């Protein structure tokens, strides 16, 4: 059976949690393959209960699904334990959550360095969440990181943390004038936290590949979005990992030939959190409308998201770099009651029309959107469950976005609830 990748096709916050939740009842495994608690998924159950998840895969809310925090994720132990407790206090069974032995641990010195660095950068800062994600990935690449499996051996763990803090404390004290961290305290705190998750540590690569060989279906859930990818995003205003489809194989240990479908999540308009270029950003009453009606505030940071019209240039780019086979278009209901809905179909850069993603960031910063005006609709579409239930103008909008983005819009979100979705093509049944 297949492995299916679910990725954000914009700058994150597209509604990936809703998509995972919709598919979750028909897959056996849900895997988070990159990122950390710098991203959030919101899932609204049919009961009206609202769950905000940061580290734990959205499949935890679906009974019978085994959830995996993959080797590509950076795990803050305190956040993990708090999130588990929050779920368990609300009656959610978390017994089927596993953590890759090779995932990296995010520790207090990562957070400290992240925060002081952003403060030091001032107006030149990237706009990170300040949760230590970047510094943790830096340690991973520098080969001085702490892996989840290290908590199983006190001696190894102590040696690694002492070695890491020799450098980190020099940075904190001599560059940023902060207090040094005590390696003994860091070790003891981590070992105490590990008591709450050591039973979840597993060789998840082996388990996932064995599951695929046994005919089970694996859903690989990315966090953030394509334009935040460290290689393919709007660098340097990006995250420190690869949310794109290629990162799914690396961050889970599943071979790329196992992946049979890539589901891109697209919001019916565009949002972004933090600094960086955003050609269709709105600063008028339309931006206010999208922000207020769409509830555009970050799940993790609480920061207000920047809002703009749908950008077909970045949608096409996402289709290309991810090999997207299907789209899930979310928040179509937010656009109801607009007289017209502009869609960016290209850019004008220094007087010349550009239809594809600019090669340089300086060009993207200068890009002016070229809009195609589509007629809006006034009807409430939140109760639509079939494509034909939508007003004709809403259907036309979806079909035009499908044409511009270059892949089939297989699902459409018309509200925050699990059941508020239209399925035009069954993602799982359509796969070989």
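Every residue gets a Cβ built from N, Cα and C, even glycine.
The GTP binding site annotation in Swiss-Prot covers 12-18, 40-42, 305, 331-333, 413-415 and is backed by sequence analysis. Annotation source Swiss-Prot lists IMP binding site at 13, 14, 15, 16, 38, 39, 40, 41, 129, 143, 224, 239, 303, citing sequence analysis. According to Swiss-Prot, the Mg(2+) binding site annotation covers 13, 40. Residues annotated as active site, proton acceptor in Swiss-Prot, with sequence analysis given as evidence: 13. Look at Swiss-Prot and you will find 41 tagged as active site, proton donor, backed by sequence analysis. Among the features that Swiss-Prot reports, substrate binding site is placed at 299, 300, 301, 302, 303, 304, 305.
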Separation of alpha carbons, residue 414 (GTP binding site) and residue 304 (substrate binding site) (Å): 22
Cβ neighbours of residue 303 (IMP binding site) where a neighbour is any other Cβ within 10 Å: 13
Spatial neighbours of residue 18 (GTP binding site) that are distant in sequence (at least 6 apart) but have CB under 8 A: 42, 43, 44, 328, 330, 413, 416, 418, 421
Packing count at residue 305 (substrate binding site) (other Cβ atoms within 10 Å of its Cβ): 22
Cα-nearest neighbour of residue 224 (IMP binding site) within the listed binding-site residues, 15, 305, 332, 414: 15
From 13, 15, 332: binding-site residues whose CA lies within 10 A of the residue listed as 'active site, proton donor': 13, 15
Neighbouring C-beta atoms (10 Å sphere around the C-beta of residue 40 (IMP binding site)): 20
Greatest C-beta neighbour count within 10 angstroms, which of the binding-site residues 12, 15: 12
Candidates 13, 15, 40, 414, namely the binding-site residues, that fall within 10 Å of residue 305 (substrate binding site) by Cα distance: 13
When distances run from the Cα of residue 332 (GTP binding site) to each of the binding-site residues 13, 38, 40, 303, the nearest one: 13
Shortest C-alpha distance to residue 303 (IMP binding site) - which of the binding-site residues 12, 15, 414: 12
CB contacts for residue 414 (GTP binding site) [other CB atoms within 10 A, all chains]: 26
Rounded distance in angstrom between the Cα atoms of residue 12 (GTP binding site) and residue 38 (IMP binding site): 11
Rounded inter-Cα distance in Å - residue 40 (IMP binding site), residue 414 (GTP binding site): 20
